[in-house]
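A.B. asks: Below is one structure. I have some questions about it.
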Amino acid sequence: MRVVHTINELRQALAATRPAALVPTMGSLHEGHLALVKQARDHGGPVVASIFVNRLQFAPHEDFDRYPRTLERDCDLLKGVGCNLVFAPTESELYPEPQTYKVQPPGELADVLEGAFRPGFFTGVCTVVMKLFQCVQPRVAVFGKKDYQQLMVLRGMVRQFALPIEIVAVDTARADDGLALSSRNAYLSEPERAEAPQLAATLHTVQAAVLAAVKSGARIDAAALEAQAMGTLRSRGWAPDYVALRRSSDLQAPADPTAEPLVVLAAARLGKTRLIDNLEI
């Protein structure tokens, strides 16, 4: 496995190979990231993992400065699962001048849910991913479903810009107790880590209620289910930003929750740590 830090080195390394499969990451890797690399290997060609903590997707009050940076450990993990090339640019390499040209996704998808609580987040994500796509020129790019809204935004970007890239989605990797794996789980104290699986459990409760209503033909009151779920989290010491039942096709509120595929998404703070999760229904 080779590690490169400049765009020129990256392009030289890929010049004589088949089109690559790209796994974009911010580092601080866990088993969920490694599952993406393993999936990328199934698509032929070299597997490229990028490691870059992207300032553009962090608000000033967020955790850019303290986000874990563990490049040596990450490279060891990537080598162990068959990654061929790691692209780990510096900030000045990827952004040699102020990034005044940005990719602005549509508000109906990017300004709701995560976008409502993290203004500019998806603009930062789309801009850096577009730049990585231009650097790597992959045939396939692999993303996890844990960041469900991000996945949908990026699929839309690829479609509307006619990029010749297949976006592959991989199911959320979870700990044995159900907690979605995340680099930010490292921020949790021991008591918080014990409580953290309750976020997934709350989503399972919503999922079960929807499936039971569909089976019985009962009316689904999405707003009531969302409010009940948020109340459950608050009663356990969480500070929820949202629990939202949405159409999985476009993340809009369903006119008839019994008639179309759904996803329930949530974001909540436990102590100082903000966690997100989702379940398809």
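For all residues, glycine too, the Cβ spot is worked out from N, Cα and C.
For reference, Swiss-Prot lists these features for the protein:
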ACT_SITE  H33  active site, proton donor
BINDING   26-33, 144-147, A173, 181-184  ATP binding site
BINDING   Q57, Q150  (R)-pantoate binding site
BINDING   Q57  beta-alanine binding site
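Tell me about the setting of these features in this model.
C.D. replies: Sequence-distant neighbours of H33 (active site, proton donor) (same chain, 6+ residues apart, CB-CB distance under 8 A): V23, T25, A49, L77, G144.
S183 (ATP binding site) counts 18 other C-beta atoms within 10 Å of its own C-beta, drawing on all protein chains shown.
Annotation for Q57 ((R)-pantoate binding site): same-chain Cβ neighbours under 8 Å, separated by at least 6 residues, are G120, F121, F122, G124, V125, V128.
In the three-state DSSP classification, Q57 ((R)-pantoate binding site) falls within a helix.
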A.B. asks: Taking the Cβ of A173 (ATP binding site) as the centre, count every other Cβ atom within 10 Å, in any protein chain shown.
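C.D. replies: Result for A173 (ATP binding site): 18 neighbouring Cβ atoms inside 10 Å.
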A.B. asks: Within 10 Å of each Cβ, count the other Cβ atoms, then let me know which of the binding-site residues M26, L29 comes out lowest.
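C.D. replies: Per-residue Cβ counts within 10 Å for the binding-site residues M26, L29 bottom out at M26.
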A.B. asks: In whole Å, how far is M26 (ATP binding site) from Q150 ((R)-pantoate binding site) when you measure between their Cα atoms?
C.D. replies: 14
A.B. asks: Which of the listed binding-site residues (G32, K145) has the least company, meaning the fewest other Cβ atoms within 10 Å of its Cβ?
C.D. replies: K145
A.B. asks: Using DSSP, would you call K145 (ATP binding site) helix, strand or coil?
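C.D. replies: In the DSSP reduction, K145 (ATP binding site) maps to coil.
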